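J.: Take a look at this one; I'll ask things after.
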Amino acid sequence: MAASCASTLPSLSFVSSSSSSPRRFRRSGVVAMASVGQKVYAPGVSVSEGNGGLQKIDLKSPHGSEAEIYLFGACVTSFKVPNGKDLLFVRPDAVFNGQKPISGGIPHCFPQFGPGPMQQHGFARNVNWSITDSEVTEGDPAVTLELKDGSYSRSMWDFSFHALYKVSLHSTSLSTTLEIINTDDKPFSFNSALHTYFCASITGVSVKGLKGCKTLNKDPDPKNPLEGKEDREEVTFPGFVDCIYLGAPSELILDNGLGDKIAIANSNWPDAVLWNPHLQMEACYKDFVCVENAKIEMVQLEPKQSWVAEQKIELV
């Protein structure tokens with residue numbers, strides 16, 4: 001399963017709701033319209049039981065594209081373009097038991113990227129989110145999920161917050177918008193990333209757009225990254241790669257080695273991470289590459305402040 005791709009975008013055209021936007025299907029407003037035990041969602045949006053009995057959302061566009069999102073972790077696990085190719089990869093060792101994060105697709109790293117004072121990559125990928133809204137624009141479906149603090153999150157990060165995550169499906173692209181709102185009476189800080197796994201043939205993979213970026217290379221010592229500067233026009237993956245790129249551009253181009261080029265565009269994700277575990281994950285390392293949008297420097301939010309970041313992956 002692999003990634004999605006985007007054409008070159010001077011400015012990103014993410015779907016958003018406005019006064020002229022499509023009819024909205026909010027859960028609170030549609031329960032009365034549904035039969036007992038059911039909810040009504042926008043056309044092209046449905047909820048069903050997925051792997052391990054976990055609930056998942058299916059998005060279907062009239063253009064032939066499809067996406068799948070698990071409520072556990074708000075993890076997008078599939079994005080199929082109209083030709084049937086899945087651009088996202090889920091690892092064969094992924095578990096769907098509601099206990100461990102789903103390994104693959106687009107997992108969340110929040111409120112911590114990487115190792116730190118709490119569990120690896122924080123807790124947002126390890127809890128159930130809920131559906132707060134669904135809508136359709138010119139036939140293209142979108143769904144918004146939300147996460148609020150609870151006893152589990154507060155055991156690691158003692159703050160009140162509200163996270164909103166909108167996933168919008170288009171014919172050849174998938175857009176996501178993440179908003180973090182401080183609902184506490186004191187400031188808090190966090191960092192974040194979208195740990196996107198793309199389907200790939202690793203020997204043919206290259207990523208363009210990172211030349212000139214400052215690098216924090218975690219090979220060979222993850223605890224003491226080596227600072228450097230990327231001087232290659234195309235980054236390839238001849239072996240183990242785990243590298244942070246600070247000040248990355250608003251668009252990268254991924255050649256997945258399978259005949260696809262994927263544009264990975266962003267707004268307010270200022271950094272990027274490339275990862276392939278090579279022989280550390282011998283069963284599947286040849287079949288995927290992670291190209292991640294990230295915010296490495298800590299974001300500080302005062303009470304009532306919010307932070308928003310957008311991503312668009314599109315086949316070009």
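If you go along the chain as it appears here, the first residue is 1 and each next one adds 1.
Including glycine, each Cβ sits where the backbone N, Cα and C put it.
What you see is a predicted model, and the numbers here were worked out from it, not measured in a lab.
Per TrEMBL, region 'Disordered' is recorded for 1-22. Residues or ranges marked as compositional bias 'Low complexity' in TrEMBL: 7-22. Sequence annotations record features per position, and here TrEMBL assigns active site to His195, Glu292.
Quick one: how deep are these features, and who are their neighbours?
T.: In this view, His195 (active site) is surrounded by 23 other Cβ atoms within 10 Å of its Cβ, with every protein chain counted.
Over all protein chains present, the Cβ of Glu292 (active site) has 24 other Cβ atoms lying within 10 Å.
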J.: Can you tell me how far the Cα of Glu292 (active site) sits from the Cα of His195 (active site), in Å?
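T.: Distance (Cα to Cα, whole Å): 5 Å.
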